[in-house]
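Sequence annotations record features per position, and here Swiss-Prot assigns CoA binding site to ILE26, SER27, ASN28, LYS71, ARG78, ASN193. Swiss-Prot lists HIS30, HIS32, GLU90 with the feature Zn(2+) 1 binding site, giving similarity to another entry as the kind of evidence. According to Swiss-Prot, the phosphate binding site annotation covers ARG84. The Zn(2+) 2 binding site annotation in Swiss-Prot covers HIS138, HIS140, HIS186.
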Amino acid sequence: MDKQLLETAVGKVLEEMRERPIPLGISNRHIHLSAQDFAHLFPGQSISVKKALMQPDQYAAEQTLTLVGPKGKLEKVRLLGPLRSASQVEVSRTDARTLGITAPLRMSGDLQGTPGVRLVSPFAELEITSGVIVAQRHIHMSPLDALILNVSHGDKVSVAIKGDERRLIFDNVAVRVSPDMRLEMHIDTDEANAAGADNPQVCAMLVNKS
């Protein structure tokens, strides 16, 4: 095949792949616990799988906790596994107001200077001094996905979400690239409500780099 024809064909295929929908995951409030904090809150137990999540080796656990803040509480907040090196609580802005906590917008794992909250299980309770965040909206992807979409780890992109009755463009969507990741955009419940994205079939579409 002529080199120019080959390049044209490859370019067309890549363009079609760039226009494919991105699966959308709506993250409700949830908790990641360290092994030490899990052992304190659920003595003698092991974290147990309730449902596998889209990202490899990630799952919703059977165990839940109550979050207690200065102004209110949130019950039956799901624990996600596996256990981590540090406990982290991810809430929406609405959840944070219910608790009476000013939670900063952060990427997962960026916990320095974040507020804490009281965690209550049926067996014990624990006050963590930091770890509560509102998660920055982001897209997980593999290196191959990043190559196809022409983005790199740490980039910020704009993404369009078309709900049942609305279309909304989100700017400043962080790109997270890892060989262990599958293509999926994560937004919280406040963002999903704003976009009318309550249908599990709703997908996102990459618009451009922010």
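Every residue, even glycine, has its Cβ placed from backbone N, Cα and C.
Features per Swiss-Prot, on structure.
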residue	record	contacts (Cβ under 8 Å, 6+ apart)
ILE26	CoA binding site	HIS186, ILE187, ASP188, THR189, ALA192, ALA197, ASP198
SER27	CoA binding site	GLU90, ALA135, HIS186, ILE187, ASP188, THR189
ASN28	CoA binding site	ARG78, ASP188, THR189
HIS30	Zn(2+) 1 binding site	ALA60, VAL77, ARG78, LEU79, LEU80, VAL89, GLU90
HIS32	Zn(2+) 1 binding site	LEU79, LEU80, LEU83, ARG84, SER87, GLN88, VAL89, GLU90
LYS71	CoA binding site	THR98, LEU99, GLY100
HIS140	Zn(2+) 2 binding site	GLN55, ARG176, SER178, MET181, ARG182, LEU183, GLU184, MET185, HIS186
Report, as a single number, how many Cβ atoms besides its own are within 10 Å of the Cβ of GLU90 (Zn(2+) 1 binding site).
23
For each of ARG84, HIS186, count the other CB atoms within 10 A of its CB; which of these binding-site residues has the top count?
HIS186
Would you identify the secondary structure of GLU90 (Zn(2+) 1 binding site) according to DSSP, in three states?
strand
Show, in sequence order, which residues other than HIS30, HIS32, GLU90 on the same chain lie with their Cβ within 8 Å of the centre of the Cβ atoms of the Zn(2+) 1 site.
SER27, ARG29, ILE31, LEU80, GLN88, VAL89, SER108, ALA135
Have a look at the binding-site residues (ARG78, HIS138) and report the one with the fewest Cβ neighbours inside 10 Å.
ARG78
Starting from the Cβ of ASN193 (CoA binding site), draw a 10 Å sphere and report how many other Cβ atoms land inside it.
16
Which residues, same chain and not among HIS138, HIS140, HIS186, have a CB within 8 angstroms of the centroid of the CB atoms at the recorded Zn(2+) 2 site?
GLY25, ARG137, ILE139, ALA174, ARG176, GLU184, MET185
How far is it from HIS138 (Zn(2+) 2 binding site) to ASN193 (CoA binding site), counting Cα to Cα, in Å?
17
